[in-house]
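Visitor: Got a structure here, written out as structure tokens. Questions coming.
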Amino acid sequence: MLDYDEVTAFLGEWGTFQRLIFFLLSASIIPNGFTGLSAVFLTAIPEHRCRIPDTVNLSSAWRNHSIPMETKDGPEVPQKCRRYRLATIANFSELGLEPGRDVDLEQLEQENCLDGWEYDKDIFLSTIVTEWDLVCKDDWKAPLTTSFFYVGVLLGSFISGQLSDRFGRKNILFLTMAMHTGFSFIQVFSVNFEMFTLLYTLVGMGHISNYVAAFVLGTEMLSKSVRIIFATLGVCIFFAFGFMVLPLFAYFIREWRRLLLAITLPGVLCGALWWFIPESPRWLISQGRIKEAEVIIRKAAKINGIVAPSTIFDPSETNKLQDDSSKKPQSHHIYDLVRTPNIRILTIMSIILWLTISVGYFGLSLDTPNLNGNIYVNCFLLAAVEVPAYVLAWLLLQHVSRRYSMAGSLFLGGSVLLLVQLVPSDLHYLSTTLVMVGKFGITSAYSMVYVYTAELYPTVVRNMGVGVSSTASRLGSILSPYFVYLGAYDRRLPYILMGSLTILTAIITLFFPESSGVSLPETIDEMQKVKKLKQRQSLSKKGSPKESKGNVSRTSRTSEPKGF
């Protein structure tokens, strides 16, 4: 039976057409790098203290001592959520009493910030935190906003594949790109926290949907050898490039509305790609639109300077060229992921693996404001370190076993994060460097986990297995802002938690089967056994009948993109 790759082999693998598709689709991901982690600057919390109204009659001495002091990470700093009772200190000021000399400040009654807060503007002129006072009793709202963005990503993950299967890769790519850009633009005019959060959720839905559509379109149009590079390096590196440019925008534009507008506008420019990116011929064939697919392929041949055959698709073979996804396989359900002890343990381990990697990746990215040093430089470095991480992951996938590659990357990331707490407070650059190395290790693991998981599950439930694992990843990203939030109580706590979880997961990874150089399993019974189950199941088989393989159908071996 013919297949699409054989029929279109005359186009070559890396002609002008393929290069255009590779770079244009990768470039369409750059705006995702802007919005994916824009919360680092949009929801940043500047230094703040209770506002003392100018109308209150206080001497300069009492105005300077109106805020109680507290010890935090060594030195004494003004409290952020309390002040001395204004009526009391105003009375002392009127009587001519001096703070500290005539009045014991530790005995004074305190009150909340009844008149709002004053925010330091050395780094940020405004953020949503300063505009809507999302501090103190409302400090949970800023991480909630970020979590809702990732809730949108979770929802978009569920619908994007179904929409592109029904309406076409190109249509959904540009529709969700418009959704991503449009709601981000409306977000600029948010009048309150609730409106901003709702729109941020919708932005998250468009964000992941156009990412997935671009990924699928590229993998369907590029040859086998090129699509591997596109999936592991192309879209990931261009996302990282957008992430690297984000702090440059933020450095020059320090007011959150103008910054959001600036990082939204490049998405408008991507609309021009409509006239350069064609629909997926594979999808057109699956819909029976053979003539349209031929037109695209002949145009590709012309761009590559190749003369196309007089007949590309033989009508008698048209049905055989349908994607496997268009065939109706025997029904399998989510229950199949826990049907046998082996696949049940593998599924649980995969959920833990994906959840932990996602918490580490997004937690470290969102924790940028809490790092010592310049926030803009730190953000750039955390983005730049992803590029060599992706390259390393690609090399490891080519030459080293999957299990040890994953475990090694996670051990590296987790161990250096645990070392952060041991660094003396005056060695800021060392602690920041360790965080960068931790991000490097976790990013490498994130880049490999899609491939590894897809290879472990059998064809009949592969999409479900990767889908459930990917859902765990989304849940990890939703939780990650609250790992960062814990840093308000102790700056070392996020690193201790993320480092411990990452090392624990690295140990769990060592019990996964090895998939490198092994044929992909087609049925549940063909799956490799999880470590420690091999011996137990081999013994049990001596006294029990083998599991029935049943009638299963073979579906396409697919993998999904790393989701941001």
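Quick reminder: no glycine exception, Cβ is built from N, Cα and C everywhere.
From Swiss-Prot, here are the annotated features:
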TOPO_DOM  1-20  topological domain 'Cytoplasmic'
TRANSMEM  21-41  transmembrane segment
TOPO_DOM  42-142  topological domain 'Extracellular'
CARBOHYD  Asn57  N-linked glycosylation site
CARBOHYD  Asn64  N-linked glycosylation site
CARBOHYD  Asn91  N-linked glycosylation site
TRANSMEM  143-163  transmembrane segment
TOPO_DOM  164-172  topological domain 'Cytoplasmic'
TRANSMEM  173-193  transmembrane segment
TOPO_DOM  194-197  topological domain 'Extracellular'
TRANSMEM  198-218  transmembrane segment
BINDING   Gly218, Thr219, Glu220, Met221, Leu222, Ser223, Lys224, Ser225  ATP binding site
TOPO_DOM  219-232  topological domain 'Cytoplasmic'
TRANSMEM  233-253  transmembrane segment
TOPO_DOM  254-257  topological domain 'Extracellular'
TRANSMEM  258-278  transmembrane segment
TOPO_DOM  279-344  topological domain 'Cytoplasmic'
TRANSMEM  345-365  transmembrane segment
TOPO_DOM  366-376  topological domain 'Extracellular'
TRANSMEM  377-397  transmembrane segment
TOPO_DOM  398-409  topological domain 'Cytoplasmic'
TRANSMEM  410-430  transmembrane segment
TRANSMEM  434-454  transmembrane segment
TOPO_DOM  455-465  topological domain 'Cytoplasmic'
TRANSMEM  466-486  transmembrane segment
TOPO_DOM  487-491  topological domain 'Extracellular'
TRANSMEM  492-512  transmembrane segment
TOPO_DOM  513-564  topological domain 'Cytoplasmic'
REGION    532-564  region 'Disordered'
Visitor: Report the nearest neighbour of Thr219 (ATP binding site) in space among the glycosylation sites Asn57, Asn64, Asn91, comparing Cα positions.
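Guide: Nearest in space to Thr219 (ATP binding site), counting only the glycosylation sites, is Asn64.
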Visitor: State the non-local partners of the transmembrane segment (143-163) in its own chain: residues 6+ outside its ends, Cβ under 8 Å from one of its Cβ atoms.
Guide: 39, 43, 128, 172, 176, 193, 196-198, 200-209, 212-213, 216, 362, 366, 470-471, 474-475, 477-482, 484-485, 563-564
Visitor: Cα-Cα, whole number of Å: Asn57 (N-linked glycosylation site) versus Lys224 (ATP binding site)?
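Guide: Cα to Cα, Asn57 (N-linked glycosylation site) and Lys224 (ATP binding site) are separated by 76 Å.
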Visitor: Express the distance between the Cα positions of Ser225 (ATP binding site) and Asn91 (N-linked glycosylation site) as a whole number of Å.
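Guide: Approximately 79 Å lies between the Cα of Ser225 (ATP binding site) and that of Asn91 (N-linked glycosylation site).
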Visitor: Taking the center of the Cβ atoms of Gly218, Thr219, Glu220, Met221, Leu222, Ser223, Lys224, Ser225 at the recorded ATP site, which other residues in this chain have a Cβ no more than 8 Å from that point?
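Guide: Surrounding the site, in chain order, are Gln18, Val226, Arg227, Phe230.
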Visitor: Fill in the CA-CA distance, Asn91 (N-linked glycosylation site) to Gly218 (ATP binding site), as an integer in Å.
Guide: 72
Visitor: Against the transmembrane segment (492-512), which of these stretches has the most C-beta pairs under 8 Å: 21-41, 345-365, 434-454?
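Guide: Most contacts with the transmembrane segment (492-512): 345-365.
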Visitor: For the transmembrane segment (434-454) against the transmembrane segment (198-218), do we get 3 or more Cβ-Cβ pairs below 8 Å once near-sequence pairs (under 6 apart) are dropped?
Guide: no
Visitor: Rounded to an integer, what is the Cα-Cα distance in Å between Glu220 (ATP binding site) and Asn64 (N-linked glycosylation site)?
Guide: 66
